[in-house]
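Asks: Questions regarding the structure given below will be posed in turn.
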Amino acid sequence: MEIKGKATEKESQSPKFTLPVDSEHKATEFRLLSVAAPHMRAFHLSWVSFFACFVSTFAAPPLLPIIRDNLNLTATDIGNAGIASVSGAAFARIALGTACDLFGPRLASASLILLTAPAVYFTSIASSPTSFLLVRFFTGFSLATFVSTQFWMSSMFSARVVGTANGAAAGWGNLGGGATQLIMPLVFGLIRDIGALKFTAWRIAFFIPALFQTLSAFAVLIFGKDLPDGNFRPLQKAGAKPKDKLSNVFYHGITNYRGWILALTYGYCFGVELTVDNIIAEYFYDRFDLKLHTAGIIAASFGLANIVSRPAGGLISDAVAKRFGMRGRLWALWIVQTLGGVFCIILGRVESLGASILVMIVFSFFCQAACGLTFGVVPFVSRRSLGLISGMTGGGGNLGAVLTQLIFFKGSKYSKERGITLMGVMIICCTFPICFVYFPQWGGMFCGPSSKTVATEEEYYLSEWNTEEKEKGLHQGSLKFADNSRSERGGRADSETRPADETPSAYV
Amino acid sequence: MAARALLLASLVLSCFLLPACYGTVLFSSLQRTLEVTASPTSGQVLKGGVDKITVTWGLNQTVAAGTDSTYKTIKVKLCYAPISQVDRGWRKTVDNLKKDRTCQHKIVARPYNPANSTAQSHEWTVERDVPTATYFVRAYAYDADEKEVAYGQTTDAHKTTNLFQVQAISGRHVTMDTCSICFSVFSVVSLFGFFYNEKRRAKRPQ
């Protein structure tokens, strides 16, 4: 993927954009094959850098049959390292969300990626269960890039296509978890065939994800822009973007109960996806006596389904929102994620290789689509603390992975099959709280919008700012967003309320 | 009448032989008729890629004559001792030899001639992909259908005596260590380089 040329628009009063935009200069269309600055370029930069982080974080699992012999690991050591790999990002995601709110997604994500690259380089020189655990722990921090991806897309794309943009960026990034199960055994095989020993070949192989990660961070820094109008710092200096305070961002994020519910439910679609990325290769290798290469291919197909499944989730979210608004988004999320749980239960119970592969692929579709659907809802939970809410939800995803691996996949308490079935049951239980998410202006799963006349989008988003701040005009961004989010009322939306400069969206 | 009895007898017999015909050989069904010795002493630590093991195997002279008539090949393997199997399901001992993962490293395979009863031996350098663990040596006798029919090992039935260890290579090299460190430092330094550059550009008049 080549990104050539400089940004053609100037940071003047009325910049020209290649894509049609709304009043916040967010694109109202999503053109997958374009690399036009700043919108689509931001999309491609964010998914590629996120992809690189996923490749690094899950580079170890497909090579575990070799690594476990080289480092003398026990099943408990492997389980602990797996848990460590996803636990770091749980809190890093919240921190990065806040950093995005304060410094912009470009600097925040590139900093994280470059600061975690050393952990990947050091994996090559790990020599004990402890060092293995540590490198996996620190490498896993890079998964926090997810938050900057979602923040960036929510800043670049309008309400009509934000679900699709978020779903595609995250989905194609998550692809890394699948691609790495193919890439690493392949690279390992190549290096070993050139003449290296098994115990050296896997170490050399780790330089590939490490270098990829470093280079993608450079690309983000050189070619990316935080907002359609430019980067945070120059905009803040020019007064075009107000600088917000950490304490306020934090307060408005954590007091919003919807953020907490979505954090829990995301733990049981994305968290499950991470868990499966960690265990599935070894599961197929050990249970069905497959070769390393074959187990890797099968395991890869789980993560590779992300190429369509997560974007499909985003698309479904946007499509149901057109007709049913936010209520449609919530229902779709609940249905898809619950079905994911059902197929997970079935996966743990099938006995044959063929059936396992088939069920796994169906399960992966529902699990990953649910992730896409979640981030069709997240951009609307808060405007002021978008980064923090994204971070909380994302962090919840990782915590779900930690919890699930701790309960079902550590040591030898449950067989992997039983663990998978029980995980499916837990998915269904933890998806239920979506029923409690309610927006006064749009409604929830079981209740319509509030009949009070003050239940409007403006009321909801401006409640995050106090009178003092409104006097200073700090709430202007939220005001524009409230206006643009009126489409979440669904097909019943008043055509008069639609802003004049908004063009009808077209789906790619 | 006799023919029918013969048919019935062969049917009954085949029910017992079917498992063997279908490849399910159980370790517990094998007789320990081979005498196997290995050069490492109990508790000795061998270095991977450097040290050698000399294994010697032959038929136990106390068994009845003709026991070894079906033996066609002897395969000598390096096997994990119980202590190295703890919490490592991928090295599990299972009675069904097809699923058994105790002996994962082949030392040598030699054809066996029942007529020649002298013990055979082989010197083997511990390969560099043998992991750090505690081991013993076992030899399996295979028949013409490549099925295990007998075995012998250097340890007792509970696999507690006469075990030795292998210290594997680490797989690391000085070059690799240097590269890891250099690239890591470069990543971090370049980040600060970018920050500095951003600050400079922001200070420049628009």
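Here the Cβ of each residue, glycine as well, is placed from N, Cα and C on the backbone.
Just lifted these from TrEMBL, have a look:
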- A:483-501: compositional bias 'Basic and acidic residues' (COMPBIAS)
- A:42-443: domain 'Major facilitator superfamily (MFS) profile' (DOMAIN)
- A:468-508: region 'Disordered' (REGION)
- A:47-66: transmembrane segment (TRANSMEM)
- A:108-126: transmembrane segment (TRANSMEM)
- A:133-152: transmembrane segment (TRANSMEM)
- A:172-192: transmembrane segment (TRANSMEM)
- A:204-224: transmembrane segment (TRANSMEM)
- A:330-350: transmembrane segment (TRANSMEM)
- A:356-381: transmembrane segment (TRANSMEM)
- A:388-408: transmembrane segment (TRANSMEM)
- A:420-439: transmembrane segment (TRANSMEM)
Asks: Is the transmembrane segment (A:47-66) in contact with the transmembrane segment (A:172-192), using three or more Cβ pairs under 8 angstroms as the rule and ignoring pairs under 6 apart in sequence?
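Replies: With 3 or more qualifying Cβ pairs, these stretches touch.
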Asks: Based on Cβ pairs under 8 Å, which of the stretches A:47-66, A:204-224, A:330-350, A:388-408, A:420-439 lies most in contact with the transmembrane segment (A:108-126)?
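Replies: Going through each listed stretch, the top one turns out to be A:204-224.
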Asks: Six or more residues beyond either end and a Cβ under 8 Å away: which residues meet both conditions relative to the transmembrane segment (A:47-66)?
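Replies: For the transmembrane segment (A:47-66), the far contacts come to 1, 73, 78, 81-82, 85-86, 109-110, 113, 116-117, 120, 123, 132, 136, 139-140, 142-143, 145-146, 149, 168-170, 172-177, 179-185, 188, 198-199, 201-202, 205-206, 209-210, 212-213, 215-217, 219-220, 277-279, 281-282, 285, 292, 295-296, 299, 303.
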Asks: Give, as a single whole number between 0 and 100, the mean pLDDT over the domain 'Major facilitator superfamily (MFS) profile' (A:42-443).
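Replies: 90, rounded to a whole number.
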